[in-house]
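Feature annotations, courtesy of TrEMBL:
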- Gly32, Arg35, Arg116, Asp159, Arg162, Arg165, Arg168: CTP binding site (BINDING)
- Gly32, Arg35, Arg116, Asp159, Arg162, Arg165, Arg168: ATP binding site (BINDING)
- Asp45, Asp47: Mg(2+) binding site (BINDING)
- 27-147: domain 'Poly A polymerase head' (DOMAIN)
- 174-233: domain 'tRNA nucleotidyltransferase/poly(A) polymerase RNA and SrmB- binding' (DOMAIN)
- 251-393: domain 'CCA-adding enzyme C-terminal' (DOMAIN)
Amino acid sequence: MKIETLPEEFVKAQPIIDTIEAAGFEAYYVGGSVRDTLLGLPIHDVDIATSAYPQEVKSLFKRTVDTGIEHGTVMILDHGTGYETTTFRTESGYQDYRRPDSVQFVRSLKEDLNRRDFTINALALKTDGTIIDYFDGLDDLKAERIRAVGDPEKRFNEDALRMMRAVRFASQLNFVIDPATVTGIEHHGQLLTKIAVERIHVEFVKLLLGKWPAKGLDVFLQTGLYQYCPDFDQYRDQLSQLQHQLKTGMSSETAVWTLIASKLSLTGNQIDRLLKDWKSANQLISDTRTAVKAVRAIQAGSVDDWTLYQTGRQLLSVANEVAGQLGTTRYVTKELITAYENLSIHSKKELEIGGQDLMAAGIKPGPQLGQALDYIERQVVDGHLANQSSDLKAAAINYLNEKA
């Protein structure tokens, strides 16, 4: 097969390959960029594989970075763009079920492609548009099928994260997974516990960001892969329901975890625990807690000004997206955002007075000062109090006097 017109990204990278070939070596475009070109999808990173060894590559270019030279990868910098160029290699020994214990550089493209995960990712592209396909990847692309290169049992034993990549690709591409590959996942699911949670996290989020998440979730659940992800073993029924509810992918990582936490009916503390087990950033945990509260208000039809204020513009959009996926279409996101923008203030900093002003008015430092600020903040947001200095001071003093 031959591609008549190569995407601009490949054309820009051609001088790299031309230079390598002029020195007597082979060089090809490989990986996801080749697959996505054949699928008519936009491509991102252009990766190059070559028969030249790392030091040979470095000798041909003025500007290079040793991004992974021990594994044969050198980044070539050309006109502001970096191109990862990796020497053909074979791998052996995978004691951590993720990275090879040893790498051997070779001069054979076929040997290099033989170590790849799936046939659709084991295609090489020449600068003249010719596709090199040793493992029937083109047939699998045409059949919309994800199939391991060679023996799936061996592929997953080498790198257990490939199982998550398989379900992620199913979601992103709307492909089926080859039965033998599915069986391999069923047999090796427990190896996922050997993989860093952070890496599993990335793949799971990508699964739910894909356009066809139900497709990936189906295999994720049917193979039992979910059992080896943090805390999911007790939630199979809810995840199965979610699979049947999802019509399209989520918009962001925050939306993904807000969806999960909402579907699992988690409390605030349970959200903290789940996301910490998934090695999530503190900001993601905080945003998810906030968005889940808003989802519940949307589902109950009880969104008020205080809900809008506490949630904020970005998380309101996330919350309404999640509520919609779970079957509540009561609110229009644009209308929620407009209502938020029409609030009299959007943060406590916008109050016309602060703690210093209240202390100057005679309120002593301590818990009561914070309580007074919280009170006038809520009153302003709810529309019961004008955001004017004199009104705010009087309201704060009256509030504390009534409490006393």
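Placed from the backbone N, Cα and C atoms, the Cβ positions cover glycine too.
Note: TrEMBL annotation is automatic and uncurated.
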Message: Among the binding-site residues Arg35, Arg116, Arg162, Arg165, Arg168, which residue has the fewest other Cβ atoms within 10 Å of its own Cβ?
response: Arg165
Message: Between Asp45, Asp47, Asp159, which of the binding-site residues has its C-beta surrounded by the fewest other C-beta atoms within 10 Å?
response: Asp45
Task: Look up Arg35 (CTP binding site) in the DSSP assignment and reduce it to helix, strand or coil.
output: helix
- line: The DSSP breakdown of the domain 'tRNA nucleotidyltransferase/poly(A) polymerase RNA and SrmB- binding' (174-233) into helix, strand and coil residues is 45 helix, 2 strand, 13 coil
- prompt: Any idea what the Cα distance is from Arg168 (CTP binding site) over to Asp45 (Mg(2+) binding site), rounded to a whole Å?
  reply: 18
- line: The average per-residue pLDDT within the domain 'tRNA nucleotidyltransferase/poly(A) polymerase RNA and SrmB- binding' (174-233) comes out at 97
Task: Indicate whether Arg162 (CTP binding site) is helix, strand or coil by DSSP.
output: helix
Task: Whole-number Å only: compute the distance from the Cα of Arg35 (CTP binding site) to the Cα of Asp45 (Mg(2+) binding site).
output: 12
- line: Students should find that the Cα atoms of Asp159 (CTP binding site) and Asp47 (Mg(2+) binding site) sit apart, in Å rounded to an integer, by 20
